[in-house]
Amino acid sequence: MRSDVIKKGLERAPHRSLLKALGITDDEMRRPFIGIVSSWNEIIPGHVHLDKVVEAVKAGVRMAGGVPFVFPTIGICDGIAMDHRGMKFSLPSRELIADSIEIVASGFPFDGLVFVPNCDKITPGMMMAMGRLNIPSVLISGGPMLAGRYNGRDIDLITVFEAVGGYKVGKVDEETLKAIEDLACPGAGSCAGLFTANTMNSLAEALGIAPRGNGTVPAVHAKRLRMAKEAGMLVVELVKRDVKPRDIVTLDSFMNAVMVDLATGGSTNTVLHLKAIAESFGIDFDIKLFDELSRKIPHICNISPVGPYHIQDLDDAGGIYAVMKRLQENGLLKEDAMTIYLRKIGDLVREAKILNEDVIRPFDNPYHKEGGLGILFGNLAPEGAVAKLSGVPEKMMHHVGPAVVFEDGEEATKAILSGKIKKGDVVVIRYEGPKGGPGMREMLSPTSAIVGMGLAEDVALITDGRFSGGSHGAVIGHVSPEAAEGGPIGIVKDGDLIEIDFEKRTLNLLISDEEFERRMKEFTPLVKEVDSDYLRRYAFFVQSASKGAIFRKP
C-alpha cells in the first residue's frame with residue numbers, strides 16, 4: 001500500500017508513534033489509509049452541512065475496512081463574493097484548492113482519497129487535484145439546495161438578483177423584494193438551478209468519478225448520506241483493486257460530460273473547468289469539441305436559469321443517468337467509458353429510467369434543436385468566446401448594435417441600472433479576464449440587471465470575464481485573448497458596431513481591416529494596480545481562458 005512508507009519497518013517507529021497519538025491501533029496500521037478532503041465551513045450555504053456528509057463517508061470507509069483521515073481545503077461562495085473585491089479571488093481559489101490538496105496528499109501518502117466539495121470553484125479544483133495525484137479516488141458532493149417558494153412558484157438565488165433590477169424600474173416593490181430575499185434560499189446546498197456548482201457535480205457523474213445521483217440528489221435528503229457511505233466503501237474497493245482516476249477518466253469520459261452539459265444547458269464555466277481538469281488528467285481536450293457536439297446534441301432539459309425547472313425536478317425525473325439514457329437511445333453515449341463502480345457507463349445507463357418526459361425530453365421534441373453551449377470565433381475573439389445558447393432570446397440570435405464600453409463590471413452595472421443602456425446596445429466589459437481582472441470575475445450583476453430592467457430581448461453583453469451559471473440572455477464571455485493580453489476586445493470604442501451571430505458562432509467588430517490593424521498596432525493594454533500579493537502572482541502565471549485559465553508551467 002502507498003501508506004506503507006509511513007507504517008512498515010523498524011525505521012518507521014517514529015511515524016507510527018505519531019499516528020498512535022491520533023488513536024490509531026496496530027490493527028488499523030494494516031488497513032488502507034483513506035484521506036477525506038472537505039471544504040466544510042460556516043459561511044457557504046452549500047458547505048455548511050458537509051461535516052455530516054464527511055461523517056457518512058468516514059462510516060463507509062470503516063465499513064469497508066479502511067481508516068479515514070479528514071483534512072480541509074478552502075472555499076468561496078460566488079454569490080456572497082459577488083459585486084465586490086471578493087469576486088477577484090473566486091477563480092484563483094480553484095488553483096489554490098488543487099495545489100493545497102496535492103500538497104497534503106503528497107505529504108501524507110494516503111492509499112485513497114474521497115473528495116467532498118460542493119460549490120463553483122471547489123468541485124473543479126478538487127477534480128484537478130484528483131487528476132494530478134492519480135490515487136484511487138471518489139468524489140461525493142454536498143448536493144443541491146431545494147428551490148424556494150414564493151407566491152405559488154419555485155424561485156432561487158437568480159430570482160433575487162433579477163428582482164433587484166426589477167425594483168430599480170418599478171416592476172418589483174420593496175415588500176416583494178424582501179419576501180423573495182427571505183424565501184429564495186431555504187437551506188443547505190448549492191444554489192438550486194443548473195448553475196456552475198450543480199453542473200460540475202453533475203458532470204462528475206458523467207466522467208465516472210462520482211456516485212449516481214451526485215449532481216441531483218438534494219443536500220437535505222437522507223439519500224445523500226447513504227451515497228456518502230457508498231462513496232467511502234467504493235474508494236476502499238478501488239484501493240484494493242488499484243484502480244486510479246486515470247484508469248477511469250479518458251477522452252471518451254470527457255465527451256460524455258460535454259454531451260450531458262449540452263443536453264442539460266449547463267453553465268458556461270464548464271468550458272473553462274473541463275479544459276483545466278483535462279489538463280490535470282493529461283488529456284488533450286479542445287474546447288472546439290463543445291461546438292462540434294452542440295450541432296448534434298439538442299437542449300432537452302429546461303432548468304433554471306433558462307427554464308422553470310430546478311435540480312430537484314431533474315432528480316425526480318431520473319437524474320443525470322436518465323439524461324445519459326437519451327444519449328444512449330440516439331447512439332451517442334461513449335458506452336465503454338469506465339466508472340468508480342468498476343462497470344462500464346453504458347451498462348449502468350441501461351438500468352436508468354426516465355420518469356418525466358418534459359423535464360428530460362426526447363431528442364425529437366427538444367427545447368432547442370442544438371446544445372446549450374456554443375463557442376464563437378471572429379475578429380473580436382480569435383481564440384474563441386463562450387455563450388449559453390439555451391439562454392439567448394430568439395430575436396437576439398443575430399444582432400448588430402453599437403458598443404457601449406466599460407473597463408470593469410461595476411461601472412457597467414451602474415450604467416444599466418441608471419437607464420443609460422438603450423435597446424439595441426452591445427455592452428462591452430473588458431479588463432475582467434484572468435490576468436486583467438485579475439481573477440476573471442463573474443458578470444452576474446450586469447446580466448441580471450439587464451434582465452430585471454426588461455432589456456434581455458434587446459441588449460447584448462460581451463466580456464473577457466466570466467458569467468455565473470445563473471446568467472442568461474444574449475451574453476458572451478471568455479472572449480480570448482483578453483484585453484490585458486492585447487486582445488482585440490481592447491480596441492473597441494463607444495459606438496463601434498458589433499455583429500453577433502449565434503447560429504454561425506461568430507463575433508465581429510465591424511470596422512475596416514485597415515482600421516482594425518491600425519488600432520491593434522497603436523493599442524497598449526491598460527495595467528491595473530493590484531493590491532494583493534496572491535492576485536499579483538496569479539496574474540503573472542495564469543494563461544488565457546481558452547486554455548482553461550490554468551497556470552503556465554515553468
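Just so you know, glycine gets a Cβ as well, placed from its N, Cα and C.
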Listed in Swiss-Prot for the Mg(2+) site shared with ASP120, LYS121, GLU442, one of ASP78, ASP173, ASP494, ASP496: ASP78
Subset of binding-site residues (CYS119, LYS121, CYS191) lying within 10 A of SER468 (active site, proton acceptor), CA to CA, in sequence order: none
Sparsest Cβ surroundings (other CB atoms within 10 Å) among the binding-site residues CYS119, CYS191: CYS119
ASP120, GLU442 as binding-site residues, winner by CB count within 10 A: ASP120
Mapped DSSP class for ASP120 (Mg(2+) binding site), helix or strand or coil: coil
Residue pair GLU442 (Mg(2+) binding site), CYS119 ([2Fe-2S] cluster binding site) - Cα distance, angstrom, rounded: 14
Distance, CYS191 ([2Fe-2S] cluster binding site) to LYS121 (Mg(2+) binding site) (CA atoms, angstrom): 14
